[in-house]
């Protein structure tokens with residue numbers, strides 16, 4: 001905490017009062033440093049460790065400014081995961097309750113039409129994952145973003161990576177230019193991505209970097225167990241039974257392994273829920289709700305659960321499989337020992353993980369302690385854990401778990417690759433045009449625009465086909481002929497037909 005009070009940050013009276021009512025005793029270090037600068041109208045690049053109050057650092061000043069002149073879409077907040085978007089939306093609603101703030105969460109897994117209707121009402125705050133918001137914009141939904149005052153990238157190091165490059169670029173096209181908006185970048189880790197800001201174009205930003213961002217809190221006990229890889233399951237069962245009743249998150253590296261571990265634990269009477277990207281949104285929210293409520297004490301998850309999620313009572317974090325990134329370790333263990341509470345993080349180390357542990361110890365500037373185990377007790381669970389795991393994996397293979405999701409992900413990656421190639425081609429041609437004639441302004445080649453549109457509108461693989469309609473010259477008569485042909489064939493340019501139009505044609 002800082003020595004300042006919320007009153008000293010220049011906030012309105014109602015906001016200070018509500019912060020106190022919500023239990024914010026004093027601003028955290030990142031809040032005390034960034035809120036005044038945001039109120040001055042400056043762009044921000046800020047990083048601080050997990051649990052430092054980053055969300056409130058941008059939510060409070062945005063609501064402060066919104067209360068002075070409420071209108072349309074005032075702020076767009078982008079975040080990499082659905083769960084984090086929901087959580088940010090909840091914080092905006094809580095802090096902005098006295099002014100009846102209208103905050104909409106726009107994420108995948110929710111009905112598109114329902115979201116479009118909500119966005120059409122111009123909420124004050126839009127909290128979104130890039131893919132879903134870009135999809136709405138690219139599909140022609142007219143969201144009034146031209147007067148948006150704030151663009152926030154939470155977990156900016158992730159959002160500025162290649163995974164979200166095209167979606168972010170698409171969203172930026174619909175926002176005001178950098179000089180007419182404030183851009184705020186927040187992250188738990190400062191990476192090279194945050195220094196490569198050509199696409200965001202910040203205006204002399206205020207940069208705040210918490211010197212302790214890689215430090216883990218003193219109340220967190222960090223330990224390791226060295227083991228052969230095939231014995232991980234029996235060690236996991238041993239630890240969870242030993243700490244029965246404690247709330248624990250088990251981090252695994254892929255969706256299939258998450259389901260396998262969760263299924264194994266449930267078969268061994270250790271109630272567990274899972275969280276990963278292959279689950280639909282309803283299942284993800286249900287799993288989080290069940291875990292947060294304490295009905296189930298074990299959450300098995302991928303790194304979807306490692307960033308930003310505020311689950312105050314997590315007592316143990318288990319790294320069943322270490323991430324290849326040392327900084328991901330910091331995000332994971334940051335799920336426990338929050339807000340002054342104690343916690344412990346236990347990492348499973350195989351002979352292949354020794355170099356990873358050295359990298360982690362170097363970045364956190366402390367050595368992990370050995371977690372003492374009773375090996376006789378551990379190996380009593382070996383047979384039952386192994387048997388349960390095999391049964392679950394056979395079932396997952398029978399239902400072809402994740403096959404369709406992987407296919408869709410492969411298609412999406414291929415589409416992104418094609419779009420990137422088209423964009424690079426466009427940039428190359430524009431650069432050549434500039435070199436040939438410096439007096440000409442940069443223009444986008446029409447054929448490239450058509451090519452991008454064609455790629456974006458490619459239908460997913462389907463067994464149905466549509467009849468092609470021969471293009472006629474663009475005269476009034478030919479347009480009429482085209483229209484009659486389309487009605488007759490019950491077909492339209494994009495190969496699809498709306499229910500409204502279909503009904504209209506049928507009635508004729």
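The backbone N, Cα and C atoms fix where each Cβ goes, glycine too.
Looking at 154-157, 158-161, 162-165, the stretch flagged in Swiss-Prot as motif 'DEAD box' turns out to be 154-157. Within 8 Å of the centroid defined by the CB atoms of 48, 49, 50, 51, 52, 53, 54, 55, the record's ATP site, lie the Cβ atoms of 28, 30, 188, excluding the listed residues themselves. Neighbour counts were taken at the CB atom with a 10 A radius for the binding-site residues 48, 50, 52, 55; the maximum falls on 48. Of the listed binding-site residues 49, 54, the Cβ environment within 10 Å is emptiest of other Cβ atoms at 49. If one looks beyond the motif 'Q motif' (4-32) by at least 6 residues along the same chain, the residues whose Cβ comes under 8 Å of a Cβ in the stretch are 39, 46, 48, 52-54, 56-57, 60-61, 63-64, 67-68, 94-95, 97-99, 208, 210.
Within 10 Å of the Cβ of residue 51 (ATP binding site) there are 20 other Cβ atoms, across all protein chains. In terms of DSSP secondary structure, the motif 'Q motif' (4-32) contains 16 helix, 0 strand, 13 coil.
In the predicted model, the domain 'Helicase C-terminal' (219-379) shows an average pLDDT of 93. For residue 53 (ATP binding site), other Cβ atoms within 10 Å of its Cβ number 18.
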